[in-house]
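Chemist: Below is one structure. I have some questions about it.
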Amino acid sequence: MDFITHHLQEIYFVLFCVFIGIEVIANVPAILHTPLMSGANAISGVILVGAILLMLRVPQDDYLNLTLGGIAVFLGTLNISGGFFVTGRMLKMFKPKK
Amino acid sequence: MHAIIEIGYLIATLSFLGGLKFMSSPKRAKTGNLIAALGMVLAVILTFFAGTTETVPYTNLIIMVLAITVGTLLGKRLSDKVQMTGMPQLVSLFNATGGGCAMLLGLMEANQIKTEITHFGNQVLLIAGLTTGAIALTGSIIAERKLAGTVKDKRGRAVIFSARILLALLLLLPTLYFLGFIPLDFMAFMYILAIIAMVYGVLFVLPIGGADMPVVISLLNSITGIATAFAGFVYGNKAMIAGGIFVGAAGILLTLLMCRAMNRSLLKVLAGTFKNNKTG
């Protein structure tokens, strides 16, 4: 119970985010399913922020964590850059109907 | 300075939301992609510069700059070279990297923290982030291999049964650990969980039919989003929480929409069964 009262603000925040996340894509046409999936995948690359925050704290002589952190930052960046670029390429195939 | 960073994260969060909204309409989808990408760049740059003002060793900075440069270039190159038919595979591969990143964050935190002084809630969040990340990592890799045609469906009883056992272990072991029944230190425990979760990811995707892979990738994508949100709680970063939850919620809805478009139920997809053709 203590945990809940201390984190009430976060719990509200998450609940609203869930509903907004669902509502925002509720009317997506089937043709856009794949680009939207790819775009959402790119957005989940925001985990890179966490990797950077953690890397900034790792001591200079902690080689294990420096290696893991380097890989984590690399993977996070790959997720973001690859995700947005590939979404862009998919969307290029959609020609606006005139 | 602090206020600027917070406002920056707020703008990034709004850009993810706007990006998703725009991406669900054919006319404005390109703009949506651009908006979300800009928001992401803003969030990353802010994090980088906000942290670097303190005394951070040069080694760490050099490693990060290198990793970011190589990651960006490789991502661009992979997405430029991919064939039109290979795109779902690539999305799955990029999803695996996101899951891998989440898993590594969990392991790194476990390496660094002192169990006695760490908050119980934080440990739960780390475990949750680690396991979801690891499942998304190996699951997405198997999904990618299946689309490429190198891994075939395996619907044997053994696969399905051991997958269920592993899933039960993933829920049971942390419970036992916090009740004090497992005499391991937190770090060793996290490594064991990571391995179990990775094996589970493989077994989870193996029975699912190749044609259903887009649905599974969407589901795994949503799991990565949830892993991101867990990590966001650990660092108390609103942009990460919001981004992760948006992707998690939107991903699950998208999974259901895709199922409906194929006229299949999610449970049937996950069980790997077909309407008139019972295998197993």
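These residue numbers are counts, starting from 1, taken along the chain as shown.
Each residue, glycine too, has its Cβ placed from N, Cα and C.
Per TrEMBL, the features are:
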- A:12-95: domain 'NAD(P) transhydrogenase alpha subunit C-terminal' (DOMAIN)
- A:12-32: transmembrane segment (TRANSMEM)
- A:39-58: transmembrane segment (TRANSMEM)
- A:64-88: transmembrane segment (TRANSMEM)
Chemist: With helix taken as DSSP H, G or I, strand as E or B and everything else coil, how many residues of the domain 'NAD(P) transhydrogenase alpha subunit C-terminal' (A:12-95) land in each class?
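Modeler: Per-class counts: 69 helix, 0 strand, 15 coil.
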Chemist: Using a Cβ cut-off of under 8 Å, list the residues of the same chain at least 6 residues beyond the transmembrane segment (A:39-58) that approach it.
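Modeler: Sequence-distant neighbours of the transmembrane segment (A:39-58): 65-66, 69-70, 72-73, 76-77, 79-80, 82-84, 87.
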Chemist: Can you give the mean pLDDT for the domain 'NAD(P) transhydrogenase alpha subunit C-terminal' (A:12-95), rounded to a whole number?
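Modeler: Reported value for the domain 'NAD(P) transhydrogenase alpha subunit C-terminal' (A:12-95) is a mean pLDDT of 90.
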